[in-house]
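Visitor: According to TrEMBL:
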BINDING   39, 75, 109  [4Fe-4S] cluster 1 binding site
BINDING   184, 188, 191  [4Fe-4S] cluster 2 binding site
DOMAIN    30-146  domain 'MTTase N-terminal'
DOMAIN    170-414  domain 'Radical SAM core'
DOMAIN    416-479  domain 'TRAM'
Ligand code: SAH
Ligand code: SF4
Ligand code: F3S
């Protein structure tokens, strides 16, 4: 299921499925439809929203045409992400035309970026809610029921929704996202996230472990710990939401400590995480990954560019050599570790030679996967203020195509290394093409397809001999 790929900006949407929830009061039986765009954090937030509204009696539905409340949880990362949302809103406008009582809300990063301007630009929208204001949703819906429009885009320095038990949407009952922190303090010059998500804050580790343990007890076998920069996760006693000192067992919990705490829940619970920042990933984290079999050997380590001058303009705070040093450390400490990346082509003033350094970085690392984008200028970011978006679209596109072509070779090379090996695969369900086959992922996040065998079912692990591979999938049999 594509939904479970790490961190990335899915431009595809997923929608909530019908499920029966605890009764609430006046909203009892009202139907909520929620559609999510963007990164895994947004998908995870939609589960928090569903939970907050379930408390008030809402049920989720997978058909927006018969929904009382339609929410779209939006992404601002690139212009085309916003265009997609606006097009989708047109479809909701048509549905609302037939059902005027329908409440339409815009949530997430676009809501935060555009604030009440959204109400002027898109007439059908009734509610605009930023990522830190979801607890206010029941009040805001009340306000709309009373005939008003409603906006809450306040960002918070404390909100982590730590106490909210998310309603799992579109769940296969095996993999789940768990948010460990919110916001970002990094200010990469191209990036809108610090503006849409606010300051970085970490969630109480005890609530994270409790959520993961609860998931395990319910049969889940894989958690992905989410944050824009998980390596700067840090919890200290002074960080409680109400500002009071809290007694915690560990005075400071860093990301390596947190990984260990989650890994110790059960050896059969796989632990993934995303995203790692090259400037912050420590050897301590790498040693922790190496120490625990159930922490997957897979690191998403976005490089963005292979050239030091461009990296400086991007305000990434590392250079080419530093990044290569981190890759070397991964190879040394975790010899069999998959690495994936994000790459932006055609950033302001990038020359052909500098672009070629991105290609040579790809040769150096031989990434298992990559998410590749043309630079898209975002209003309000440092790059938009300081530098001209001066690389013409066709050149951005040529560079992107070169990067994509190289990645295709590299992914294939990495997949081929599995052929002839036995991989431990967590079975996720039937393969897309046939109910005679199961699919699941190995530790390095590669999809493996193999014939169904008696005695094995989704949620269990199987040892699979990999016999061959296609461009994106390993094929084998249980041994
Ligand atoms: N926190 C993560 C990234 C989150 S955004 C990190 O630091 O790596 C996901 C990816 O979108 C980024 O890694 C970057 O490659 C891409 N991206 C962000 N802003 C962009 C922009 N303005 N244009 C093109 N791609 C962008
Ligand atoms: Fe954006 Fe940089 Fe923060 Fe990632 S680390 S979310 S790219 S500002
Ligand atoms: Fe995620 Fe997009 Fe916001 S990538 S943090 S949903 S801008």
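The backbone N, Cα and C atoms fix where each Cβ goes, glycine too.
Curation plays no part in TrEMBL annotations; they are all automatic predictions.
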Visitor: For ligand 3, pick out the binding-site residues 39, 75, 184, 191 that have a CB under 6 angstroms away from one of its atoms.
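Guide: Cβ under 6 Å from ligand 3: 39, 75.
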Visitor: Long-range neighbours only, meaning 6 or more apart in sequence with Cβ under 8 Å: which ones does residue 109 ([4Fe-4S] cluster 1 binding site) have?
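Guide: Counting only residues 6 or more apart in sequence, the Cβ neighbours of residue 109 ([4Fe-4S] cluster 1 binding site) under 8 Å are 38, 42, 74, 75, 76, 77, 131, 192, 193, 196, 197.
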Visitor: What other residues of the same chain, not counting 184, 188, 191, have a CB atom within 8 A of the CB centroid of the [4Fe-4S] cluster 2 site?
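Guide: Near the [4Fe-4S] cluster 2 site, beyond 184, 188, 191, sit 186, 187, 190, 192, 193, 194, 228.
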Visitor: What same-chain residues, at least 6 away in sequence, bring their CB to under 8 Å of the CB of residue 191 ([4Fe-4S] cluster 2 binding site)?
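Guide: Set apart from residue 191 ([4Fe-4S] cluster 2 binding site) by at least 6 residues yet with Cβ under 8 Å, we have 77, 184, 378, 381.
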Visitor: Is it possible to get the count of other C-beta atoms within 10 angstroms of the C-beta of residue 39 ([4Fe-4S] cluster 1 binding site)?
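Guide: I get 23 for this one.
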Visitor: Go through the binding-site residues 75, 109, 191 and pull out the ones with a Cβ less than 6 angstroms from some atom of ligand 1.
Guide: 191
Visitor: Count the residues of the domain 'TRAM' (416-479) that DSSP assigns to helix (H, G, I), to strand (E, B) and to coil, and report the three numbers in that order.
Guide: 1 helix, 34 strand, 29 coil
Visitor: Taking the Cα atoms as reference points, how far is residue 39 ([4Fe-4S] cluster 1 binding site) from residue 188 ([4Fe-4S] cluster 2 binding site) in Å?
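Guide: About 17 Å separate the Cα atoms of these two residues.
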Visitor: Do any residues at least six apart in sequence from residue 188 ([4Fe-4S] cluster 2 binding site), in the same chain, have a Cβ closer than 8 Å to its Cβ, and if so which, in order?
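Guide: Within the chain, residue 188 ([4Fe-4S] cluster 2 binding site) has Cβ neighbours under 8 Å at 304, 314, 315, 316.
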Visitor: Averaged over the domain 'TRAM' (416-479), what pLDDT does the prediction give?
Guide: 96
Visitor: Quiz question: given the binding-site residues 75, 184, which has the greatest number of C-beta atoms lying within 10 angstroms of its own C-beta?
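Guide: Answer by Cβ density within 10 Å: 75.
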Visitor: Ligand 2: which of the binding-site residues 39, 75, 109, 188, 191 have a Cβ closer than 6 angstroms to it?
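Guide: Checked binding-site residues vs ligand 2; flagged 188, 191.
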